[in-house]
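According to TrEMBL, the protein carries these features:
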ACT_SITE  His17  active site, proton acceptor
BINDING   Arg174, Glu283  substrate binding site
DOMAIN    205-347  domain 'Glycosyl transferase family 28 C-terminal'
Amino acid sequence: MIFAIRADASIEIGSGHIIRCLSIADQLKAKGHQCFFISRNHDGNLVDFVTQRGYQTFILENDQENTELLLNTEYQKWLGVSEVYDAEQTLSLITAQYQKIDWVIVDHYGLSTKWETSLKKIAKHILVIDDLANREHDADIILDCGLINSEDDYNVLNKSQAKVLLGPKYALLRPEFTEFRQKINLNKIEESTQKLKLLINLGGVDKDNLTTQILEVFENTVLSYEIELTVIMGLNSPWKECVIDKTKQLNYPAQVLVNVSNMAELMISHDFAIGAAGSTAWERCCLGLPTIMICMAENQKMIAKGLHDLGATISLDQTEIKTKLSIVLQEIKPAQLRQMQRKSMQITEGLGVNLLINEILRKSL
């Protein structure tokens, strides 16, 4: 089968949508299917990265005039053009290569039923990845790996009868997370632990430089335990040099890693994390990595609240870094970390891509 994947990365959007779509594409490709990507030419795009991963990538240019008059919401501004224009561009690119394709996978908060209905002119099926449930769809499958929305929420928004896949068990993780889940030592954090290894990762971009704010908290916080820091920065982060300079000023051992390819291995080698409430939240849950979670955007609030309420994380808003993070770090205890580890591992096993592909194959019969 032929799959077109429509997703973007940018300084505003981040990289999570592309990364989770790559997880789907990799497993489809392994099963003999053909996948290609369609992405808009935003600042901070991952077109080169996707191409290096072996996928043909078509670039949508931002050449629509008077765009500001057409974009009413924050997510439409993320798109950069109107939905209708994006659909026209996308159809033009696909029809130049193919008469018909089997599936369009769309992972974009700025696209909805107008776009999806247009793409049905060339695609047999539409798969929508969403976690907002805030706009109408015209999909055959809707996947939402969040904790809040219900099947009814999507049924009333979708034009036709769709298969709705809900919950963190559908989190779209790479196979390495399932593999490393088997290697976790559930007893590595002992009551007498005097030294903890902390992993800091605020997503692929961290556009507001929250990582530096967090490191500044460590400059002014006295802890009752020894700590060793590993900071992971994304390829498109504009703050890499700033963060590297800041780690050199700390009294704690610290290293900065950029664009890592062994995230799962790094996660299981650390005792806890400070991380964003985006797609990496499910990676940390799968591997039982206790997390102080920083909510960095409106669309992350539901994930942050849900995981906090389940006892899997301690969630803070980004505005609370300077006022509350120090207190949380001072009060955290090994017993609390062990409990968070157990609860987070109950959230997802990391098999979402397999479950999704099984549903795609059923729908394709």
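Yeah, the Cβs are placed from backbone N, Cα and C, and that goes for glycine too.
Long-range C-beta contacts of His17 (active site, proton acceptor), restricted to its own chain and to partners at least six residues apart, with a cutoff below 8 Å, comprise Ala7, Asp8, Ala9, Asp107, His108, Ile129, Ser279. Arg174 (substrate binding site) falls outside any helix or strand according to DSSP and counts as coil. For the domain 'Glycosyl transferase family 28 C-terminal' (205-347), the number of residues in each DSSP class (helix H, G, I; strand E, B; coil) is 69 helix, 28 strand, 46 coil. Each of the binding-site residues Arg174, Glu283 was scored by the other Cβ atoms within 10 Å of its Cβ; the lowest score goes to Arg174. For the recorded site, the residue listed as 'active site, proton acceptor', the DSSP three-state label reads helix.
Over the domain 'Glycosyl transferase family 28 C-terminal' (205-347), the average per-residue pLDDT in this prediction is 94.
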